[in-house]
Amino acid sequence: MSSDWLLKGRSDEDYSTDETTSYEESEPPGQTIDSISRSLQRFDWPDYVVFVLMLLICIVIGIFFGYKDHQKHKHRRKQARRESEALDYLVGGRKMKIFPVSVSLVASWISGISLLGTSTEIYVYGTQYCYIVFAVIMMGFVMHHVFLPVFHELQITSAYEYLQRRFDHRMRLFGSILFTVACLLWMPIVIYVPALAFNQVTGMSIHIVTPIVCMICVFYTSIGGLKAVVWTDVIQSGVTLMALLAVLIKGTYDVGGPAEVVQRNIAGGRLEAPIFDPDPTLRHSIWIILLGAPVWFCYGVSCSQDMIQRFLALPTLEDARKALKGFVIGWIIVNVIFFLIGMLVYATYYRCDPLTTQLARAKDQLLPLFVMETFAAYPGMTGVFVAGIFSAALSSLSSALNALSAITLEDFFKPYCKKPLTEKQIHYIMRGSVLVYGALSVLLSILVEHLGTVMQLTMTLSSASGAPLFGLFVMGILMPWVNGTGALYGGVTGLLVMLYMCYKAQYSIASGSRSFDTKPVSVEDCPYDYGRNATMGLTEDDSELEQLEKSIYHMSYMYFTLFGTSVTCLTGTVVSLLTKLCGSDRDQPIDPKLLAPCIRRIQPRDIPLTFQSVPTDSKQAEASEAALKRTEDG
C-alpha cells in the first residue's frame with residue numbers, strides 16, 4: 001500500500017508552519033502575496049493536453065485488456081471460465097512478467113502523498129529521514145527469506161486466506177476487515193492530495209477534479225483487472241519519473257548547480273549525519289530507522305493485499321524474488337530523487353520561506369509552487385508535473401481498488417456461499433465492488449476537505465490497524481505454538497492498544513504538549529510584501545512542556561508498528577499457552593507450507609507437522625469436517 005502511511009503518519013502538525021525556506025526569485029518589489037499567487041496560476045492548453053492525454057491512455061489500456069480477457073474466455077466452457085476469469089482479473093492468470101510487476105510494485109507504494117510529503121520532510125526536518133533506505137533493504141531480506149516462500153507455495157489469491165489455513169475462518173475475516181477499513185481510510189487522502197495540487201496550479205475546485213479522475217480510475221480498474229492496473233502503473237510511473245527528473249534538472253540549473261544546492265543545505269542545517277541518540281521519543285534517529293521502520297515496511301509489503309497480489313501474479317517463486325529486488329532498487333531510486341528535490345526546494349527558498357510568508361498556504365503545496373515558478377516560461381511542463389502527481393495517485397488507488405475487489409470476492413463472498421458462484425455472479429462482484437469502493441473514496445475525500453485535521457488522524461488510524469494485522473502473520477509464519485484462539489485475542493488486544501496509543505499521540509500533538517524541533521528558516525531577502533507576524537520555531541514553554549510530559553505514546557511514529565506487533569504476538573503467545581494448559585484447545589497439525597522455511601527446519605518434535613490442505617469455502621469445509629469425523633470414528 002504505499003509509503004504514504006509512513007509519511008502521513010507523522011501528522012500534518014509535524015510539518016508545522018513555523019518552518020520552511022527561502023525565496024530567491026526576482027519578483028518586483030512591492031508585489032503582494034495575492035498578486036504573485038494569481039500570476040503563478042498558469043495552466044494553459046498545452047498543460048491540459050498533457051494531463052488529459054495521460055487519463056486517455058489509462059482508459060485505452062483498461063479497454064484493451066478488458067477486451068482481450070473477454071475474447072479469451074468467450075469460447076470456454078462455463079466451469080472453466082468461472083475459475084479462469086477470476087484468476088485473470090485478480091492475479092493476471094499468474095503469468096505476468098517481472099519488469100511490469102516490479103514497476104507496478106513501486107508505483108503502488110508511492111503516491112502523490114509521498115511525492116509531495118518527502119520533499120516537505122527534507123525541507124522542514126532535514127535529511128535524517130533519508131537513511132530509511134537501509135530499512136527498505138532489511139525489509140527486502142526478510143521478505144525474500146520468510147514471507148514470499150510461504151505465500152507463493154500456497155498459490156492463494158487473497159493474502160488473508162493464509163490466516164484461515166493457519167488458524168481458522170475467524171482470523172481470515174478479522175484480517176480482511178482490518179485491511180479493508182485501512183484502505184477506506186487511506187484512499188480518500190490519496191485522491192485529495194493531488195486534487196489539492198491541481199487546485200493550486202489551476203484554481204479549479206477539487207469537487208470537479210476528484211470525481212472525474214476517480215471515476216476514470218474505477219473504469220479502467222474494473223474493466224481491465226490486474227493486467228490493466230499493472231500496465232497503467234508502468235505508463236504512469238514513466239510520466240511521474242519524467243516529471244521528477246525535469247524538475248530536478250531544471251531547478252538545479254537555476255540555483256547554480258549541484259554544488260550550490262549542497263552548500264546551501266549544509267549552511268541551513270539540512271544535510272546531517274546519522275543521529276545515534278537512543279532516545280525513543282525522537283522523530284528520527286539511526287536506531288529508530290533500523291529497528292522501527294523495517295517492521296513497518298514488512299507490514300506494508302507482506303500483509304497488504306495489493307502488494308502480495310502482484311507477487312502472486314508471477315509464475316514462480318524465483319520470479320517473485322526478482323520482482324522484489326526490482327521493487328527495492330526502484331523504491332530507492334525514486335526516493336533518492338525525492339530527497340534531492342527536497343534539498344533543491346530548500347536551496348531555492350533558503351532566504352525567503354514561502355510557508356512563513358504564506359505564499360504556500362499548505363505544506364503540501366511547496367513543491368507545486370516550486371514547479372510553477374521553475375517552469376513558468378515552459379508551456380506544458382506544469383501539465384507534465386501535475387500529470388505525474390495524479391499518475392502516482394492513480395497507480396496507488398487502482399492497486400487498492402483491485403486488492404479490495406479480490407478480498408470482497410475471496411474473503412467476503414466465497415467462504416459464505418453454499419453453492420459455487422456462477423460466472424455472472426463473479427463478474428458482478430469483482431466489477432461492482434470496484435465501483436462501490438471508488439464511490440466511497442470520492443465521498444470520503446469531501447469529508448477530508450472539510451475536516452482538515454482528520455487527515456493525519458485518518459492516516460494514524462490506518463497505521464494503527466497495521467500493527468495487529470502484521471502481528472497475525474508473524475504469529476502464523478514464525479510462531480507455530482500460537483493457536484487460533486491466541487491469535488484472535490492477540491489481534492484484538494493489539495488493535496485496542498494501538499487505537500488508544502495513536503489517539504493519545506495525536507491528542508498530545510494537537511494540544512501542544514508534544515512538538516518537534518524544526519530546522520531554521522529565513523525571510524530576510526523576500527522580494528515581496530507579506531504580513532510579518534508569522535510565528536517561527538518552538539516557544540520556550542513548548543520546549544519545557546515537551547521535556548516534562550514525555551510518555552510511552554510520545555515514542556517515534558516509526559516505533560508504533562513494532563510496538564503494536566509485539567503486543568499482539570505476546571498476547572497471542574500467552575493466551576495460546578493458557579488454552580493448552582487448561583485443556584480447552586489441543587495441538588492441531590500444521591501444514592509445513594504455512595511456516596517460514598527457517599521455522600520448518602527447527603520445528604520442535606512435540607508440535608506435529610503434517611501436509612494438509614485447509615479448505616477455504618463453506619462447501620469444502622463441510623466435506624473436510626465430515627471426512628475427519630469418519631476417520632476419527634474409524
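Note: Cβ is positioned from N, Cα and C throughout, glycine not excepted.
Model, not experiment: these values are computed from the prediction.
Range annotated as region 'Disordered' by TrEMBL, chosen from 63-84, 613-634: 613-634. Proximity of the transmembrane segment (557-578) to the transmembrane segment (129-152) is not established, fewer than 3 Cβ-Cβ distances being under 8 Å for residue pairs spaced 6 or more apart. Within its own chain, the transmembrane segment (284-302) has Cβ neighbours under 8 Å at 1-3, 5-6, 109, 125, 128-129, 131-132, 134-136, 138-139, 142-143, 147, 274-278, 308, 327, 463, 466-467, 469-470, 473, 556, 558-562, 565, counting only residues six or more beyond its boundaries. By number of Cβ pairs under 8 Å, the transmembrane segment (48-67) is matched best by 201-221 from the list 129-152, 201-221, 428-448. For the transmembrane segment (384-407), same-chain residues at least 6 beyond its ends with a Cβ under 8 Å from one of its own Cβ atoms are 1-2, 4, 43, 47, 50-51, 53-55, 58, 89-91, 104, 107-116, 157-158, 160, 176, 179-180, 183, 186-187, 190-191, 193-194, 197-198, 201, 213-214, 216-218, 220-222, 225-226, 228-229, 232-233, 235-237, 239-244, 246-247, 304-306, 309, 368, 371, 375, 430-431, 433-434, 437-438, 441. The transmembrane segment (98-117) makes no contact with the transmembrane segment (201-221), as judged by fewer than three Cβ pairs under 8 Å among residues 6 or more apart in sequence. Outside the transmembrane segment (323-349) by six or more residues, the chain places 3, 20-25, 98-99, 101-103, 105-106, 109-110, 114-115, 118-123, 127, 130, 132-133, 136-137, 139-140, 143-144, 148, 241, 244-245, 247-248, 251-252, 254-255, 260-262, 264-265, 268, 270-271, 301, 310-311, 314, 366-367, 370 with a CB less than 8 A from a CB of the stretch. Contact between the transmembrane segment (201-221) and the transmembrane segment (129-152) does not hold: fewer than three of their C-beta pairs are under 8 Å, each pair 6 or more apart in sequence.
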